[in-house]
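Trainee: Please see the structure below; I have some questions.
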Amino acid sequence: TSSIPLDELAEGLQRPAQFAGLHYFNPVALMPLVEIVRHARMDPATEQRLAGFCKALGKLPVPVAGTPGFLVNRVLFPYMLEAVTAYSEGIPGRAIDRAAEAFGMPMGPIELVDTVGLDVAAGVGAELSPFLGLQVPEALAGQAEPGRRGKKDGQGLYRWEDGKAVKPELPEGYKAPEDLQDRLILPLLNEAVACLHDGVVADADLLDAGVIFGTGFAPFRGGPIQYIRDTGPEALLARLQQLQSRHGERFAPRPGWDSPALRQG
């Protein structure tokens, strides 16, 4: 859904001002966020009507630009992709999930990829990776086949029984790489900074609300931008640059790290 080009679809309409996108999140009954997806010819009154509709359903509407991934999937994808990259390097899924959960994520990214479905994640990756300058690892693209697509098939990066992931125990004495949590969380923060810079949402508060309610991002940390403010953008940028020198250009800082919005209260 988040790769649908609304600007292109609007070109064929007689009344494009009344056209917009609504992007819900699964499971719809539990996830409060709805992205109202804008395009260049949309009437502000259309956005207002859609916001009222969402609120009447008890949902939280967040207006977003109609760029690939909108807000939530664009921020979440680099995090999920790096998790699968780490998995493909031989880092156990349980260790990867533990590192994310220790940060405060409600579910580890390997379990999340299986829950979403490897086929769905690979499809999103094929659409978003060129836009983000990233590559989809073979561990994701190569396993997105019937019978091995994750939770729905009972087998993916994990084996699944009765709707729960069976996570193998870590080898005795296993110690995860010291930079593993940074490898997972910093790509998410990096893309959040880029989204703010690109005007995907109107301001930092909307971005934080959207990512918290759309992904479950550690709520006690206040959202990606608030976490950057609290931790210090310079310190996080330095850690990102260390990852870039150690692991490659996928960790290159995105535009926006010099924004005053990262240094407010």
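Every residue, even glycine, has its Cβ placed from backbone N, Cα and C.
Please treat TrEMBL annotations as automatic predictions, because they have not gone through curation.
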Trainee: Of 146-165, 246-265, which span is tagged region 'Disordered' by TrEMBL?
Mentor: 246-265
Trainee: Can you tell me which parts of the same chain pack against the region 'Disordered' (246-265), counting only residues 6+ beyond its ends and a CB-CB cutoff under 8 A?
Mentor: 78, 82, 133-135, 179, 183, 186-187, 190-191, 193-194, 196-198, 203-204, 225, 228-229, 233, 237, 240
